[in-house]
Amino acid sequence: MSSTIAPATATAPVGAPSTAGGIEQASPPGERGRPVRGVAHNNAVRSLGLLAGVAVLVVVTLASVAIGARSIPLDEVLRALQSAPVYDEAIIVWELRIPRTIMGLAVGVALGVAGALIQAMTRNPLADPGILGVNAGAAFAVAIGITVFGAGSISGYMWFAFAGALVVTVLVYLIGSAGYGPATPVRLTLAGVALAAVLSGITTAITLLNPNTFDQMRYWQAGSVVGRGLELLWPVLPFFALGLLCAVLVARPLNAVAMGDDLARSLGANVAVTRVLVIVAVTVLAGGATALAGPIGFVGLMVPHVARWIVGPDQRWILAYTVVLAPVLLISADIIGRIAAPPGELPVGIVTAFVGAPVLILLVRRKRASGL
């Protein structure tokens with residue numbers, strides 16, 4: 001393809017990216033000449049859809065505060081929110097339900113945005129944050145923390161998980177950029193998958209050889225927001241803020257990068273800087289979320305699919321919808337887990353797998369949902 005960009009008034013050749021609305025949109029494989037379009041075809045409809053998503057998020061958040069092993073009527077929830085935690089319902093709301101819900105909001109946003117970014121960067125709609133070895137690195141570090149350093153609580157090994165995710169992602173980038181040429185999405189993916197496989201094997205060996213490590217890790221690996229106080233969230237929030245800032249900065253250039261490096265450069269995008277910012281964002285978002293709640297699957301994989309199906313390939317709208325829809329999914333899964341197996345609860349990671357798998361199968365069978 002020629003590096004010269006034709007004027008907007010010229011007729012684009014078949015297979016060329018559409019520039020309608022000022023946003024370059026790539027045609028999916030097998031459908032050249034037919035730009036991928038979401039259900040919402042214009043910004044007004046997309047804005048209304050986003051507002052509807054925010055309304056759903058508010059409803060789900062209130063439901064999370066009200067529903068549990070001991071359900072609390074909504075009027076009682078509102079009364080508890082206006083008082084100090086001095087009676088039973090207020091104590092449950094303030095000390096158990098609200099921290100759990102806020103944790104679900106933060107973890108959901110982090111996982112969803114990380115998934116949307118990694119799918120855009122790798123141009124692979126089936127990618128998730130674990131493709132860079134984040135989950136494997138966190139699990140390996142937790143196993144080392146429990147076995148070698150005697151970490152025995154969530155607060156004790158949370159920072160091991162975060163450090164492991166950061167270190168492994170840096171190693172993946174160094175391996176992917178070693179040798180001739182830049183760190184392309186294919187090289188990063190191969191490095192991440194290979195390193196994750198090695199670390200997963202070592203982690204399995206450590207847990208099988210140490211019963212105490214096995215007992216402590218089996219619940220963490222299921223993924224849960226239960227028992228995570230807000231004192232664990234506050235130190236991680238600056239990292240989440242950094243990741244979201246990087247996501248905002250790369251949202252526009254990702255529209256060009258998603259069409260290929262050569263075309264992105266011809267459109268003025270700095271591919272190398274964009275890729276580095278995406279890796280930083282994915283690392284701190286997915287690493288922080290995994291450190292707080294353990295590995296939770298399908299949120300970063302499925303939610304960007306849904307957002308793309310609604311709004312099309314514009315990464316700015318995909319990220320905006322993901323910020324709203326990802327916590328809706330995670331909090332809804334947490335609510336289901338509370339009431340699905342009384343008197344106990346199911347970890348949210350198990351519920352997201354049960355809910356996410358059939359929905360994802362349905363989505364990938366739709367051609368329009370798969371196009372970046």
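Including glycine, each Cβ sits where the backbone N, Cα and C put it.
Database features (TrEMBL):
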- 1-22: compositional bias 'Low complexity' (COMPBIAS)
- 1-37: region 'Disordered' (REGION)
- 48-69: transmembrane segment (TRANSMEM)
- 102-120: transmembrane segment (TRANSMEM)
- 132-151: transmembrane segment (TRANSMEM)
- 157-176: transmembrane segment (TRANSMEM)
- 188-209: transmembrane segment (TRANSMEM)
- 232-251: transmembrane segment (TRANSMEM)
- 263-286: transmembrane segment (TRANSMEM)
- 292-311: transmembrane segment (TRANSMEM)
- 318-340: transmembrane segment (TRANSMEM)
- 346-364: transmembrane segment (TRANSMEM)
So which of 102-120, 188-209, 232-251, 318-340, 346-364 has the most C-beta pairs under 8 Å when paired with the transmembrane segment (157-176)? 188-209
For the transmembrane segment (102-120), sequence-distant contacts whose Cβ falls under 8 Å of one of its Cβ atoms, 6 or more beyond its ends: 61, 64, 126-129, 131-132, 225, 228, 230, 232-233, 236-237, 240, 243-244, 247, 250, 254, 257-258, 278, 281-282, 285-286, 288-289, 292-293, 296, 299-301, 303-304, 307, 315, 318-319, 322-323, 325-331, 334, 348, 372
Under a Cβ pair cut-off of under 8 Å, which of the recorded stretches 48-69, 188-209, 232-251, 263-286, 292-311 contacts the transmembrane segment (346-364) most often? 292-311
Does the transmembrane segment (318-340) reach the transmembrane segment (48-69), going by 3 or more CB pairs under 8 Å (6 or more apart in sequence)? yes
